Amino acid sequence: MRHFLNLSNAGADAIAAMLDDALTRKQARAGWPKGKVDADAPLSGRVLAMIFEKNSTRTRVSFDMAIRQLGGKSIVMEAGQMQLGRGETVADTARVLSGYVDAIMIRTDDHAKVEEMAHYASVPVINGLTDASHPCQIMADLLTIIESGKSLPGLKVAWLGDGNNVLASIVEAAGLMHFDVVAACPQGFQPEEEAITRASGRARVVADPREAVEGADIVVTDTWISMGQAQADAKLAAMMPYQVDAALMAHAKPDAKFLHCLPAHRGEEVTPDVIDGAQSLIWAEAENRLHAQKAVLRWCFGQIG
Ligand code: CP
Ligand code: NVA
């Protein structure tokens, strides 16, 4: 059974194969209406159930369109409207859904819940974001980087701000795909040591934002307040020196690109001139959620890797 709970579930070779597949499929259907099914309809007859315990725009719509373009169908559920929201266990939900659908995607808070879902499900389970990681996002980010003409091995990625779930998956990708991450995070908001060790020596945390960005190929940031976190003035104040503005971007390589998983808060983690400027790849990055997730779905069903 193939579960996609973190990038390491797939491993480097399968990730590379998924990125190749995503790019090929994206190019093959360029200009087609979004709802048209890919010529080979590889997931015809398959149904994906999606469970959301947190808000989502990109993950919800891109997974829904991904399974449709592959010839399958989806069922989208808010956890609050399920019995899960009234105390039915994750384990029981997993076993019941496994009798109805062919795969389950879940967005939740505690990463232990996706692990429990995978343990009890008899169909593939996909992590659509937890407090600990966001592997589907990073598949789209890697695809966007490659599409921009850069190759992953040896790349220098700078992260600015909160040591959060998105950073944890970037760091995991660094270890697998052999690029380097320097994360500049304020005291008290650094990533867990365990997340950094997953990069097998390819990630380090610094305090100085300029040190992180110096000579970077890719500059990445994310919201300072993730879903489920309290809006705290002290945190926003601590983050302010880590805002990505034009002066900070000037320390990166001249051809450096800017990424942000979205949703963004212009004037907080990034200034409008950077996120809406020539170096920003955010719209391609958002679209690539669709193309990357099609590959993740195909990997889950044993069609890739
Ligand atoms: N980047 C991302 O996961 O966006 P959503 O929260 O809108 O799904
Ligand atoms: N770190 C953010 C990512 C949103 C896609 C969050 O968890 O809210």
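Cβ coordinates are placed from backbone N, Cα and C, and glycine is handled just like the others.
Look at TrEMBL and you will find Ser56, Thr57, Arg58, Thr59, Gln83, Arg107, His134, Pro135, Cys136, Gln137, Cys261, Leu262, Arg289 tagged as carbamoyl phosphate binding site. Listed in sequence order, the residues of the same chain lying 6 or more apart from Arg58 (carbamoyl phosphate binding site) and placing their CB within less than 8 Å of its CB are Cys261, Leu262, Ala286, Arg289.
Positions annotated as L-ornithine binding site by TrEMBL: Asn165, Asp222, Ser226, Met227. Within the same chain, residues at least 6 positions away in sequence whose Cβ sits under 8 Å from that of Ser226 (L-ornithine binding site) are Asp131, Asp162, Asn164, Asn165. Under the three-state DSSP scheme, Ser226 (L-ornithine binding site) falls in the coil class.
Secondary structure counts, DSSP: the domain 'Aspartate/ornithine carbamoyltransferase carbamoyl-P binding' (2-147) has 71 helix, 21 strand, 54 coil. Positions annotated as domain 'Aspartate/ornithine carbamoyltransferase carbamoyl-P binding' by TrEMBL: 2-147.
Annotated domain 'Aspartate/ornithine carbamoyltransferase Asp/Orn-binding' per TrEMBL: 154-299, in sequence order. The average pLDDT computed for the domain 'Aspartate/ornithine carbamoyltransferase Asp/Orn-binding' (154-299) is 97.
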Distance, Ser56 (carbamoyl phosphate binding site) to Asp222 (L-ornithine binding site) (CA atoms, angstrom): 15
Most distant Cα pair in Å, residues Ser56, Thr57, Arg58, Thr59, Gln83, Arg107, His134, Pro135, Cys136, Gln137, Cys261, Leu262, Arg289 binding carbamoyl phosphate: 31
Close-lying binding-site residues around ligand 2 among Ser56, Gln83, Cys261, where CB distance stays under 6 Å: Cys261
Filtered binding-site residues, from Ser56, Arg58, Cys136, Asp222, Arg289, whose Cβ is under 6 Å from an atom of ligand 1: Ser56, Arg58
Whole-number Å value for how far Met227 (L-ornithine binding site) lies from Ser56 (carbamoyl phosphate binding site) (Cα to Cα): 10
